[in-house]
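Trainee: Take this structure, written in structure tokens, and hold onto it; I'll ask about it next.
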Amino acid sequence: MTLFIQQLFNGLALGGVYCLAAIGLTLVFGVLRIPNLAHGALYMLGAYITYFFLTTVGVPYIAAIGIAAIMLFIVGVGLERLVFHPLRNSPHTHHMIAAVGAMFFFQALAQAIWGADFRRMDTPITGELRILGAEISAQRIVIIVTAVIVLALLALFIKRSIHGQTIEAIEQDRVGASLVGINPSMVSMLTLGLSALLATIAAGLVAPINLLSPTMGDALNLKVFAIIILGGLGSLPGAIVGGFALAIAETMTATYISSAVGEAVAFIVLVAVLAIKPNGLFTKAVQR
Amino acid sequence: MNSVSRSRRRRLSAAAVLGAIALTATACGGGGGSGEGDTVVIGYTGPLSGGGAAYGENVKIGLEMAIDDLNADGVEVDGNPVTLELKSLDDKYAPSTAASNAQRLADQDKAPVVVSPNAGAIKAIQQINSGRSNFLVSAYTSDPAIVQADNPLTMMIPPNFESYAEEFSETAMEHGGKKLALLGTQSEYGQQWTKSIKDAWSEAGGKIGGDNSVDYATVSDFAGPVSKALSEKPDAIFVGGPSQPTALIMEEARKQGFKGSFLVMDQAKLDEMATVTKLDNLKNSVGVLPVSEYEDPGTEDFLKKFAEKAGEKKVPTSETALNYQGIAIIAKAMEAAGTTDDPEKIREAISEALPDVDDKYKVNGFPDEITEQGHLLNPNLEATFLNEDGKYTKVPIEQVSDEK
């Protein structure tokens, strides 16, 4: 039972990270209709910039994540302007190739600046909590709580604010939204910026329990694609449910079946969803 | 009209570019031959970008340091001074790319020796290095399959990893207990180690839990796999992959209350691990001896030069130190063979060159013989046990045969 509680919390923490990373990706898909393969690289860049402000500059942990998130927002906007916007009328393969190119560019950039070595980011949040006999580190509790708060704020932003509503409007009908005066180009920039910002928060949270390296985004990239396909491309609730479901499935199968199956479970789920319900759990996008 | 002239202009500029290239090529060829002494290219193909980049860079630093020192000392082959030059190509850890890189280095740059630090890549290179092309492969891998291949132009540098299993098991059992949990990495090499440890542990009369190996490169949070391994209540845990993630796993195990001993695979270096976690988390572990703990004649100077080159913070590892030794051996073998372009003769001369290598290049357990299959053997191989006081105590290792 202790093991189960322990793994449940480990799964929830992992789910929080998956969710924050997946939501950005699904938003970008909803608005720009492209699978942003550079998403993992933005996550990696976010982690490094957080590391830079925390360790090299010496600002407090939360502030470092905040500054890095804002910087990545700008990088996201730049990515949209310089890479995806000029390609908006080209076939879809061009976006994918451009995104892969951007991914390699960011990786090479990180390696040039910070080197290829793994780096460790220390967090001021230390200590363990005992919950029903299980030892849970405080950092994991922080991850779970922050993920919930950020997701709630995001939902509020999209449902209540004008700018957020424009994102949803464009997702639903690009032409219709333009007709009522929404500028799709602005919304595209906002969405990519937002997705990079969310990925940075995820990276900043998870970095202290893992390591930084220029390729740290690769594994996450695969997982978040599995999550948004599971949840339904472009669907916010899909990304949230998918993120937590996949993380818990992963930790539980690794615990009760074997680690090898735990690693593979994301892709088993992916294949199953594509075979049985190709539109994902929460069908929304992919109408056109 | 306009388009005709444009295409002609393009053709003209293409011809000009080609001409320029041809000119530079001849200029280079002329320069190489008439300079003072010859330049010999030492080829290197390794992962310089992607997930293995840190490893590939460590090897490269060792090669660069050796070549700088050798050139400063002066290498003389058959009465002529020779300048060594390193040429590195990135293979991103892919064996097929490594093989084509090696071919390119041998054919275009006339490299008599190509260094490769990855078993898969070396196996691919061994398909072409004596036949289609002709060059010596300086193999940095502890996988004995490399020498079992009976390739006439292979020099294997590190000790066979299978040598460690028995002594590691006995030491860990003595300081921990009989029950072992397996938590190594899922790479091919990690799995070979896991198997080797499993065999040695059961032979020593210990019990082994389920295989909890995880892929250190893709797991986002090690807490899950560690909790699972600890639920078996082990007395000792086998861990290992790259140093830094291994350190994180050990830290997590200590946090979750593990008090037993660790067996640390040779890929992870205890002193390098101490840069990402507290030394307290690493105590009671058996692993390979850190470079800085060696007492060879050249070790101290090597450490100083390494700190100058790579910075005080970076920990020198055996990837750097052993490849440093390796190039010095090759340079000496060239001198002994009296040739820089006949790999067979260079390979043959290694055994006679070993005693003549200058003491300054003996930094990390220097070999005194090379086996017929091309394995450099260090007579006093040692591992280490990091005790409760945080001190490295040496553990002598008896080397096993490379035969299957």
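Cβ atoms are placed via backbone N, Cα and C, with glycine included.
Residues annotated as transmembrane segment in TrEMBL: A:12-31, A:37-54, A:61-84, A:96-116, A:137-158, A:189-212, A:224-248, A:254-276.
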Trainee: With CB pairs under 8 Å as the measure, which of the listed stretches A:137-158, A:224-248, A:254-276 comes out on top against the transmembrane segment (A:189-212)?
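Mentor: Looking at each of A:137-158, A:224-248, A:254-276 in turn, the most contacts to the transmembrane segment (A:189-212) are made by A:137-158.
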Trainee: Which of A:12-31, A:96-116, A:137-158, A:224-248, A:254-276 has the most Cβ pairs closer than 8 Å to the transmembrane segment (A:37-54)?
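Mentor: That would be A:96-116.
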Trainee: Which stretch from A:12-31, A:61-84, A:137-158, A:224-248 shares the most C-beta pairs under 8 Å with the transmembrane segment (A:254-276)?
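Mentor: Most Cβ pairs under 8 Å with the transmembrane segment (A:254-276) come from A:224-248.
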Trainee: List, by number or range, the same-chain residues at least 6 past the transmembrane segment (A:224-248) whose CB is under 8 A from its CB atoms?
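Mentor: Long-range Cβ neighbours of the transmembrane segment (A:224-248): 8, 11-12, 14-23, 25-27, 29-30, 35, 39-40, 151, 154-155, 158, 171, 265-267, 269-270, 273-274, 279-286.
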Trainee: Could you give the residue numbers and ranges of same-chain residues that sit at least 6 residues beyond the transmembrane segment (A:137-158) on either side and whose C-beta is under 8 angstroms from one of its C-beta atoms?
Mentor: 9-10, 12-13, 15-17, 19-20, 23, 123, 125-129, 164-165, 167-168, 198, 201-202, 205-206, 208-209, 236, 240
Trainee: Apart from its near flanks, which chain residues at least 6 from the ends of the transmembrane segment (A:12-31) lie with a Cβ under 8 angstroms of it?
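Mentor: Tertiary neighbours of the transmembrane segment (A:12-31) are 39, 43, 140-141, 143-144, 146-148, 150-151, 154, 167, 170-171, 187-188, 191-192, 194-199, 201-203, 205-206, 220, 223-225, 227-228, 231, 233-236, 238-240, 242-248, 250-251, 284-285.
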